[in-house]
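*Asks:* Sharing a structure, written as structure tokens. Questions coming.
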Amino acid sequence: MDPETLDDLVNELFDKKKQLTVSQKQQREKLQAYMMAQLEGSSSASDDDDEDDGEGEDDNDSNSDEDESGSESDATSADDSFSSDDNDDDDSGDEDGSDSGGSDSDLSFEDDSDYEDSHSTEDLTEYTINSENSSVEPTPPKRLKAGDKRPCSTQEEEESEDDNNNKPTARKLQMGESATNGRIQQRKSMVEPATTSKPASCPLTRKSLPANGSAAKSCPLPPKNQKQSAAAKSCPLPPKEKKLSSGAVAKSCPLPPKNEKPSSSGASCPLPSKTSKQVQPRVCQLSDKPKSSSSQSTQKRSKNEAAEGATDTNGRQEAHRQNSIEEGRRILSWVLNPIKPDDFFKDFWEKNACQVQRNAPTYFSELISFEMIDQMMLKHHLEFTTNIDVTSYKDGRRETLNPEGRAMPPTVWGFYGEGCSIRILNPSTYLPGLRTMCSLMQEFFHCLVGANVYLTPPNSQGFAPHFDDIEAFVLQVEGRKRWRLYMPLQPSDVLARESSGNYTPDQLGEPIFDEVLKPGDVLYFPRGTVHQAITEKKHHSLHITLSVYQQQAYANLLEKLMPMVLQSAIKHSVSLRRGLPLHTWQHLGIAHGATKCSSRSQLIKGIQEMVQQHLTPSENQIDAAVDQLAKRYQHEALPPTILPEEKLRTVFGSRSATDAHGKCLCDYELTEDTSIRLLRANILRLVVDETHLRVYYYVDNALEYCKYEANFMEIEPTEAAAVETLMHAYPAYVKISMLPLRKPERRIEVATALWERGLLMTETPFK
């Protein structure tokens, strides 16, 4: 058979009208070469063999039939396989176009170890989209056709005044597919950094399904450090009558005037600061490492100085000698700078609102940012309602729009792009810098310092006017937000113990404060102050609200105290146990309130005298009630952030090993000459619970609020004096031999037990 006949035979195996792909053409060429080899073999065999021609023809016919059928099956399978490959290529192209660089079931992170630390293998199995344990089939992401409209996909839409369109400027896309593909363009606007000096911080590699099962639009990140035209007045609120000078404290009613001006150098930052052209200090790093002239010298001396406890260039004591209460005060000073804490508590605390204005846009930028929120949602399992709220306030109506399930960036940013506010309820759980700040401040305030983060798109409001039951410190991180404060509507709302419901605009009077917060500014207002906030037309807002002194009033103390007093009085006073007079019902009660008679007057006077006589608390009862409030603090507090110098002196830096026989070898040993002190001033509390003497402590608390029961250890009454000695000596070190216990062995045992629980620190490292 000549090549032309063979070619005709090959063409018969394929549809002539079908347009062949490159892979099919290659397959046809392979088949053609195979048939040529078969023909050459059969022709040579016919020349050499002397067998019957008829048999040869029959054999050739059968072989030809077999080859033909085999070729058809090969061609069919090849066609299926290559068409499948083509489909896979198309799918992968769509994934790339819709911001995916991997398979649907894969997530990549910049640091896998960080993710492994926060998730167990079971967590990964549970939350993987394609998990075998999942009983719900994931809904495939909605694909838009080429002609469908996507946000910010055309030049005409980009130039239109969309208040919620905050795609960062100066981010140029490369020419090619990414320049025309709307899905790639949207993802690049989310992933690429705002400046070219830093690498991309978002490790997104695929488009995740929205938590509520519907396709949520992705929203580009808002611009950072966006410049505003001086002539533009985009705020939808009524114009202000006055301007506040930069660096001054607001003097709007009812704030008392302050003549104090910030110094030219500004207050020193409580955290080591980098060189900056700004006059005011900025947050750079939430740690207490000493400053160094170069990074090389810092690396060489870091371990030695951590062990020796070197003093930093600011003249502060080394970390292991610092008083945690004073450190918390120092952080508050930095937040309120240039107002001093003493002046703040004298003039503003629980009295008036206070605004601090700064020309320092990066003052709080190290605490949180848009990119940090994006990474936080990727690296940790945050749930709607539990960790994140989606809220809106439009036309006087407040709504919470939380879907169910995990909060992933595409879903959250989709809500944000639609004008919703995002509230993060416990960011300090996931952000070490913010957690360190709160853990230091809680030592000063002697109560939990909570933090919420609020992210609001331009020209939006997420919450209705209301008041809270906390002292609020608003730290403006990014963008601008206009705040209006109102006097409490009722006298009982002053220093309110519970938060209010939502107010309508017609219930409010004229605001006593109406100002715009800019990055670096701070606003304080007492609990019970009615407030509302709205972003300007062309500015988003990112701020932190620090909440302190929740349920920390005299009323809370009396709620603990008076039941104790009453129970003790009943136990020790027989007069309180006597029965009521028989005629009590006929003279007392609401129906007899207007009655004037001697019997009624005598009954009322006797009860009042009985209360004055028997229900006056003793010192011991007041102490016990305060201990109960302190016990609540031990349960609610954030765990302490252990600094390098402290780690070398605590159980957190201890490493155990085994010898050749498997015996455990510890690298520490406390003796009578070992000097010890408490890790923090309020790290523990000695409390009497009924008949038990317990030491409550918060060093082992979870990062989530009250996730576990309160931690405590029971001690003998004879050992309480040793704990009291450590509490009174703080922040000084005392030798174990100074503990008021009879036997040296017992002193060492008590000290070792406290040290092994992370409550004590030694003056000298064991290593």
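Here the Cβ of each residue, glycine as well, is placed from N, Cα and C on the backbone.
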*Asks:* Please state which member of H531, H539 Swiss-Prot lists alongside H466, D468 for binding Fe cation.
*Replies:* H531
*Asks:* As a test of the contact definition, list every same-chain residue at least 6 positions from H531 (Fe cation binding site) whose Cβ is closer than 8 Å to its Cβ.
*Replies:* P465, H466, F467, W483, R484, L485, Y486, F525
*Asks:* Let me spell it out: take the compositional bias 'Basic and acidic residues' (315-324), skip the flanking residues so only those 6+ beyond its ends count, and list any with a Cβ under 8 Å from a Cβ in it.
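*Replies:* For the compositional bias 'Basic and acidic residues' (315-324), the list is 288, 308-309, 440, 443, 640, 643-646, 649, 680-682, 730-731, 761, 763.
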*Asks:* Least buried of the binding-site residues H466, D468, going by other Cβ atoms within 10 Å?
*Replies:* H466
*Asks:* Looking at the domain 'JmjC' (420-565) alone, can you tell me the average pLDDT?
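*Replies:* PLDDT averaged over the stretch: 97.
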*Asks:* Under DSSP, the compositional bias 'Basic and acidic residues' (315-324) has how many residues in helix, strand and coil?
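*Replies:* DSSP classes over the compositional bias 'Basic and acidic residues' (315-324) add up to 4 helix, 0 strand, 6 coil.
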*Asks:* Would you list, in sequence order, the residues of this chain other than H466, D468, H531 that have their CB within 8 A of the centroid of the site's CB atoms, where the site is the one recorded for Fe cation?
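*Replies:* The answer, listed by sequence position, is F463, P465, F467, A472, S499, S500, T529, V530, Q532.
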